[in-house]
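J.: Copied straight from Swiss-Prot:
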SIGNAL    1-26  signal peptide
TOPO_DOM  27-136  topological domain 'Extracellular'
CARBOHYD  N66  N-linked glycosylation site
CARBOHYD  N119  N-linked glycosylation site
TRANSMEM  137-157  transmembrane segment
TOPO_DOM  158-167  topological domain 'Cytoplasmic'
TRANSMEM  168-188  transmembrane segment
TOPO_DOM  189-218  topological domain 'Extracellular'
CARBOHYD  N212  N-linked glycosylation site
TRANSMEM  219-239  transmembrane segment
TOPO_DOM  240-248  topological domain 'Cytoplasmic'
Amino acid sequence: MKIHVAGFFAGLFGALATLFILLSFGTDYWLLASETCNSHLNSPVTSERGDILVNQVHDPNSEAPNITFHHEGFFWRCTFDDVMNDGNLWKFWFENQPHVRVCKPAYLLPFPFPDQSYNTTSYQTAIIYRGFWSVSMLVGVAAVVAGGFIIICAAPFASHRLYKAGGGLYLISGFFVLVVTAMYVIWIDVLDVISLYTEYQKLNKCADFELNKTYGLSFMFAPVGVFFCFLSGLLFLVIGRTVHHQYN
């Protein structure tokens with residue numbers, strides 16, 4: 001009876017872990033940022049060959065200052081111009097839809113590096129760092145999906161090996177997603193890339209340039225998924241060990 005209860009909760013936690021990790025992986029809101037430059041209030045969003053443009057109607061009569069917004073995730077880094085009257089970045093994202101978006105692939109190019117002209121050395125470093133980040137994310141997602149399939153196969157046959165393999169994959173997934181989360185925090189808050197980017201923009205764009213940033217829902221899904229990964233992984237390992245003792 002106890003093993004069935006443990007199996008139920010392990011399966012529930014495993015399903016939640018898979019859900020949160022896939023949401024974190026598939027949504028492009030790891031970072032929310034806004035740039036304000038009063039000397040270029042009406043500058044248009046630039047695009048390059050291959051960019052994806054999403055066009056809607058823009059209100060030309062708005063008197064509020066124009067702000068450039070950014071959001072990024074594993075797949076895309078998007079930019080658009082809009083107005084924000086109350087200064088609440090979270091409220092803006094939940095209550096407003098972007099009017100013009102320019103989305104670029106973000107696999108190897110994290111915010112805030114816009115192009116190679118910014119800094120060649122930093123640009124290459126960003127690509128390498130982002131590469132490790134992307135690989136860790138892919139390993140974490142692959143491990144949690146594989147672990148889920150193995151557990152589904154283990155349940156009908158009561159195979160202790162499959163339970164242990166599934167639990168191990170959940171633990172591996174939790175570890176790599178934890179690494180992904182830590183690397184992202186280090187990139188945004190520990191390294192000086194944000195401050196260097198702000199100084200660069202003040203020197204080359206406008207003296208009163210301001211950058212506001214906050215973590216998005218995709219980022220917040222990751223540690224929740226990590227917690228459930230570790231919890232379900234440990235439970236599946238215990239279940240596998242118990243099943244092994246019962247049949248041997």
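For all residues, glycine too, the Cβ spot is worked out from N, Cα and C.
Not measured: the values here are computed from a predicted model.
Let's see these features in context: how buried, what's close, how far.
T.: Within its own chain, the signal peptide (1-26) is flanked in space by residues 73-75, 137, 140-141, 144-145, 147-148, 151, 155, 166-167, 170, 173-174, 177, 218-219, 221-222, 224-229, 231-232, 235-236, 238-239, 242-243, 246, which lie at least six positions past its ends and keep a Cβ under 8 Å from the stretch.
Nonlocal intrachain contacts for the transmembrane segment (137-157), taken as residues 6+ away from its ends with a CB within less than 8 angstroms of a stretch CB, comprise 7, 10-11, 14-15, 17-18, 21-22, 25, 74, 163, 165-170, 172-177, 179-180, 225, 229, 233, 236.
Secondary structure by DSSP for the topological domain 'Cytoplasmic' (158-167): 8 helix, 0 strand, 2 coil.
The average per-residue pLDDT of the prediction over the topological domain 'Extracellular' (189-218) is 84, rounded to a whole number.
DSSP assigns N212 (N-linked glycosylation site) to a strand segment in the three-state reduction.
Residues 3, 6-7, 9-11, 13-14, 16-21, 23-24, 27, 29-31, 144, 147, 151, 163-164, 166-171, 173-174, 177-178, 180-181, 184 of the same chain lie 6+ residues outside the transmembrane segment (219-239) yet bring a C-beta within less than 8 angstroms of a C-beta in it.
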J.: Do any residues of this chain, six or more beyond the ends of the topological domain 'Cytoplasmic' (158-167), have a C-beta under 8 angstroms from a C-beta of it, and if so which?
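T.: Long-range Cβ neighbours of the topological domain 'Cytoplasmic' (158-167): 10, 14, 147-148, 150-151, 232-237, 239-241, 243-244, 247.
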